[in-house]
Structure formats: structure tokens, C-alpha cells
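Each remark here refers to the structure printed beneath this line.
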Amino acid sequence: MQIFVKTLTGKTITLEVEPSDTIENVKAKIQDKEGIPPDQQRLIFAGKQLEDGRTLSDYNIQKESTLHLVLRLRGGMQIFVKTLTGKTITLEVEPSDTIENVKAKIQDKEGIPPDQQRLIFAGKQLEDGRTLSDYNIQKESTLHLVLRLRGGMQIFVKTLTGKTITLEVEPSDTIENVKAKIQDKEGIPPDQQRFIFAGKQLEDGRTLSDYNIQKESTLHLVLRLRGGMQIFVKTLTGKTITLEVEPSDTIENVKAKIQDKEGIPPDQQRLIFAGKQLEDGRTLSDYNIQKESTLHLVLRLRGGC
């Protein structure tokens, strides 16, 4: 169908659209015709500003309807919302928008109900009734979105300085996920984090429930041990596994770490470095394996000896 888009200069643009087109699609068509970037466009119909993720039919826009195109409102700005999966969502907001408004925009774009959203900025959880300007959130600021899923719980992470960090987690979260949450809150790279609970160092590929970590449990966060280093293990499929090790770790220890991450029993693993097969009882330093060295993992097929 055809619709019309009228600009403030009085110009009328004719567009070919489908009722199922999103507002985002329409803005892209306007960009193609007129060269106006979508992030500078606001479309108004029946007195309402149209949200990118909605469709024309959602707004009952029919053939030969006229939309009004205005420039971004004064004070309008873009902010970014980053999810734990690494996806970044771009939102058009005003400094006077409440956190509740922002959650509604996220719901429009991503379908996540506001009551499952927690927004974090500068390490603080944002309260619904406050505005972006209350928190000094400015253009191109990045908020972090964490989901309050059913079964969610709080745990505490205590640092060596005595600071306690509160995290929203699921029993099914891996230690790797928890390290990503700490990075979001505190800026500490995951490869510098080691978690201790009940006297044990926690392995990245395991879950909180594997370690019987329950609501309001306290983990201890320590920096990588002196001498700690990363090495890489490359499989025949081309996958590369990153491991945290010590030079004093035995090949047996390394195989146990690979089992934790990948589920491959140690007796099916053969590790090769510099053309040599590594023996279980030897250490990494025996073989002069240093930080960021790459080992090759080959599987010992059934029937092999």
C-alpha cells in the first residue's frame, strides 16, 4: 500500500509499504529516499510518536494515511543498553524520561516485560520513578540490562579490600556468567578474577548449582594467583579453549580443567606441544609451556592404546 510522510517544510514523500512493516523499516525507506538518518527521525501519527519496534498495523495505519516527520526533539538523545549476551540496543530518549519509560521502550523493542528488567548504570541499580537526568545519564551513555528471571536470587561477592558486591543470578548461571556480571559492575576483566567458595576455586564452565551456591551465599573474589597464566588448547575441530593455569600444574591437572570445560574424560585426551605428546605426571614448566602457549588436543579413539 501507499502512505504519505509530510515533513515540517511541507514536502510530502510517498512510500510503498506493507501493514507488517515496522516503524524502523519505514525510517529506513525514508533514509533511502531523503538521506535522513533514522536516528534523527521521529514519526507522528494521530498525535502519537511511533516506536521503532511496532508495525504500521499496530497503529492502525492504513493505505493513504499521512504520517508527520519531525526532527529529534530538543534534548532528545540516544543511549545504549547492553545485555549480558553482549547485544546492544539503541534507544531514543529524553533526559526527563523515567526509568519506567526506558523499560517500556525496551519492552517495545525486545519484548521483555518491565518487571523482569533491572537497569544498571555506574554500578547502581536504577529505580523506576527516577529520571535519566537524576542519574546524570547523558547522550551515548551505556546502561546494562540484567534479567530478573523466575528463580533468580541474590548472591554476594566479597573482595580482598572488604568491599561487598551484590549480584542478581540464577542457579543455572555459570561461573563465567558471574565473572561477566562482575566485569559489568566493577570493570575487572574475567581473566583476572578467581572465585573461591567453601575453600574451593570455582571453574568457569560449572554452574552455581553445581557448587551448591544458594541465595545470599558469599563468594570471595581474589586476583589471579602469582604465576597464574592463560594457555590455549586447540582441538581438531578448530575450537580454541582458554585455560587458567599455573606453571606448576601437571598435565593431569590440565586434562581435569579441560574435562570441566568441555566434558571430555582425561583418559580420552592426548595433549601435544611442540610435536611431543605430554605425560600426565609432568608439569607445564617441565615442557617450557609459558603464558599464551597453544597446546593441541587430540582424542584417543576407542580401541586406541
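Cβ atoms are placed via backbone N, Cα and C, with glycine included.
Because the structure is a prediction, the values reported are computed rather than measured.
Swiss-Prot has this to say about the protein:
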CROSSLNK  LYS6  ubiquitin cross-link
CROSSLNK  LYS11  ubiquitin cross-link
CROSSLNK  LYS27  ubiquitin cross-link
CROSSLNK  LYS29  ubiquitin cross-link
CROSSLNK  LYS33  ubiquitin cross-link
CROSSLNK  LYS48  ubiquitin cross-link
CROSSLNK  LYS63  ubiquitin cross-link
DOMAIN    1-76  domain 'Ubiquitin-like 1'
MOD_RES   GLY76  ADP-ribosylglycine
SITE      HIS68  site 'Essential for function'
Other C-beta atoms within 10 angstroms of the C-beta of LYS6 (ubiquitin cross-link) total 15
Euclidean distance between Cα atoms of HIS68 (site 'Essential for function') and LYS27 (ubiquitin cross-link), Å
12
Summary of DSSP states over the domain 'Ubiquitin-like 1' (1-76), given as helix, strand and coil counts:
18 helix, 26 strand, 32 coil
I'd like the number of other C-beta atoms within 10 A of the C-beta of HIS68 (site 'Essential for function'), please.
17
Spatial neighbour of LYS33 (ubiquitin cross-link) that is closest, considering only the recorded positions LYS11, LYS48, GLY76 and their CA atoms
LYS11
Measure the Cβ-based neighbour count of LYS48 (ubiquitin cross-link), defined as the other Cβ atoms within 10 Å of its Cβ.
9
Fewest-neighbour residue among recorded sites, criterion Cβ within 10 Å, set LYS27, LYS29:
LYS29
Closest of the recorded positions to LYS11 (ubiquitin cross-link), Cα to Cα, picking from LYS63, HIS68, GLY76?
HIS68
Measuring Cα to Cα, tell me the gap between HIS68 (site 'Essential for function') and LYS48 (ubiquitin cross-link) in whole angstrom.
10
